[in-house]
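Notes for the one structure printed next.
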Amino acid sequence: MMQDSSSDSDDSREIKGSVDFGSALASARKLKNYTVEQISEQLKIPARTILALEENNISVLPAPTFTQGYIRAYAKYLEISVEDVLANYNRAVPHDEASDLKPRSNLPEEASSQSPIVKTVTMLLIFSGILAIIYGSFQYYQEKADVMETAFESKHRSFTGGSLDSPSTDRIIIKQNARMTDEGELIVLSPGTVDDNVPVSAAEVEAEESSEKSLAATLAKSEQTAKQEETREQEAISVDVLTISAEKGSWVQVRDATTARLLYNMVPVGGVEVLQGQAPFRVSLGNAKTTHVTINDLEVDISEYIRDNNTAKFSVSSNRQQVVFH
């Protein structure tokens with residue numbers, strides 16, 4: 001009878017030892033003179049969870065997946081065998097909870113990024129994007145070129161009164177002299193030509209001279225009008241000069257009144273760019289505090305347009321030796 005009691009006691013101790021996964025952690029902690037609070041602060045594990053691990057209190061511990069992570073971190077920090085502690089814990093955890101840790105084999109596999117199909121689709125998308133960018137850029141610059149060409153032709157078109165595009169508003173009437181000969185032929189004389197066979201009176205001569213003077217005056221007026229139009233046109237298309245000096249280098253973009261981009265590049269340290277176009281100029285600058293701008297030899301003060309990130313953006317022109325911001 002006593003032998004049976006002794007056998008039951010040994011079995012109880014064996015079962016108790018098989019589920020004991022926390023005593024090894026507690027012993028190692030005490031051996032290194034660590035407190036529970038120190039472990040909690042170092043590993044960012046709640047003190048309540050550390051005590052539950054050391055006391056084998058499975059009911060207090062979180063889900064097995066999280067508990068295994070805590071055990072790995074705790075055992076590794078104490079420099080003891082992680083595998084032994086995990087093995088004891090896995091034997092101690094209830095079977096229905098342990099079964100939840102098994103991965104599901106019926107989940108569909110994710111498509112690998114190394115799959116030939118994925119690679120092909122990716123390359124097609126990239127190639128399509130590049131083609132779209134190239135086509136868009138070509139259309140943009142083609143439209144810009146057409147607009148600039150049309151503007152240039154309209155500004156340089158002649159406005160002379162005798163041209164077909166802009167005929168003179170002054171009507172010039174030229175009278176021609178004509179008479180019939182005895183033989184029935186029609187003779188037409190150009191202005192200023194006198195037929196020796198027809199007597200000419202003083203009044204007719206005076207009228208002819210007056211007509212010639214009127215014609216000469218009309219032609220002179222037309223020529224003067226054409227010159228005035230040409231002068232005004234030249235003044236209208238006068239070229240403005242914008243100078244940018246980058247003391248410590250600057251990224252610069254400049255467009256003029258025709259929206260033509262005159263500069264889109266980096267100006268090196270100490271570099272100077274002289275641009276010609278039609279004001280107002282739209283200017284974007286980097287490193288603005290050490291970059292100087294002049295327009296038609298007039299210094300441009302851009303201090304009010306400098307942002308906190310040391311960039312500036314403004315539109316400028318000149319009028320009667322004064323700088324004008326737009």
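Sequential numbering from 1, following the chain as shown.
Glycine is no exception: its Cβ is also placed from the backbone N, Cα and C atoms.
As recorded in TrEMBL:
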- 213-222: compositional bias 'Low complexity' (COMPBIAS)
- 25-85: domain 'HTH cro/C1-type' (DOMAIN)
- 207-232: region 'Disordered' (REGION)
DSSP residue counts for the domain 'HTH cro/C1-type' (25-85), split into helix, strand and coil: 42 helix, 0 strand, 19 coil
DSSP-assigned states of the region 'Disordered' (207-232) in counts, ordered helix, strand, coil: 26 helix, 0 strand, 0 coil
Arithmetic mean of per-residue pLDDT over the domain 'HTH cro/C1-type' (25-85): 95
